[in-house]
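**Student:** Dropping a structure here in structure tokens format, bear with me for questions.
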Amino acid sequence: MAAAVQDSRVSPGEILKRSPKKKKKMKMVAKAAASKLEDEVKDSSDGEGSCDSEMDHSDDGAAEADSEDNVESCEEDNEDAAESSAGTNSGWADAMAKILNKKTPKSKATILTKNKELEKEKEKLKQERLEKRKQLDKKREWEMLCRVKPDVVKDKEAERNLQRIATRGVVQLFNAVQKHQRNVGEKVKEAGGSVRKRAKLMSTVSKKDFISVLRGMDGTSRNSPAGKSPKARQTEVKSEESPGWKILRDDFMMGASMKDWDKESEGEEPAGGRAEAAASR
């Protein structure tokens with residue numbers, strides 16, 4: 001019983017010290033109290049500093065009153081300078097605004113000096129183009145000089161005559177080619193199967209043979225042999241030996257000179273003689 005009585009007489013502080021959870025709570029409470037004390041000390045020190053600064057401001061008040069006059073005079077000078085600079089800046093700004101807001105056409109350059117140079121170059125190019133056009137016009141006029149468009153309605157007879165002459169010439173040419181081929185074929189048959197003779201014969205064939213055949217065709221096409229006298233046939237044989245068309249002769253216009261330009265050729269009759277012969281008939 002005595003031991004139980006002694007245990008009941010133990011103080012509550014000792015009981016708290018014995019339990020670990022209660023020890024932690026006590027530590028947290030002590031820390032909070034210490035932090036509160038530190039905050040109070042800081043607040044008191046800040047109040048003392050503010051009081052000292054107020055005392056310093058009161059001592060400097062007289063010096064500030066003396067310097068206010070100087071500050072006002074400086075401010076007036078600065079205001080005058082600002083007004084003058086503002087006037088110049090506003091004029092400059094107005095001029096720049098006019099330049100920037102000015103609308104220039106697309107054909108002209110924004111820089112005037114370059115615009116003048118471009119205009120000079122354009123004028124030079126225009127002059128060169130005009131000169132080229134003039135040269136082309138002169139060339140076309142020269143090419144079209146003495147050119148006349150044919151009128152089919154008015155020149156029907158002339159066109160028909162030209163067509164007849166063309167058809168006659170083509171027919172005569174093809175007949176001459178056929179005749180020349182026939183003559184060459186006959187000569188090849190006469191030569192036989194020897195290659196040497198054929199080669200020799202083909203080497204003798206030339207343009208002159210074909211031209212002689214063409215000249216003979218020209219002479220025979222003008223006059224047919226049917227119903228002619230032996231004298232006419234003799235003349236035809238002579239004409240076959242000599243070319244029918246004088247222009248195809250090798251010696252055509254070889255003996256002519258400038259003195260005989262107004263004289264008629266030997267084969268041609270004077271126009272008066274032909275007219276008299278026609279009248280007598």
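These residue numbers are counts, starting from 1, taken along the chain as shown.
Glycine too: its Cβ is placed from the backbone N, Cα and C atoms.
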**Student:** So one of ARG9, ARG182, ARG222, ARG233 should carry the feature citrulline according to Swiss-Prot; which one?
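**Tutor:** The citrulline feature in Swiss-Prot corresponds to ARG9.
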**Student:** Scan SER45, SER265 for the residue that Swiss-Prot records as phosphoserine.
**Tutor:** SER265
**Student:** Which has the fewest other CB atoms in a 10 Å radius around its CB: THR104, SER206, the listed modified residues?
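**Tutor:** Across THR104, SER206, these modified residues, the one with fewest Cβ atoms within 10 Å is SER206.
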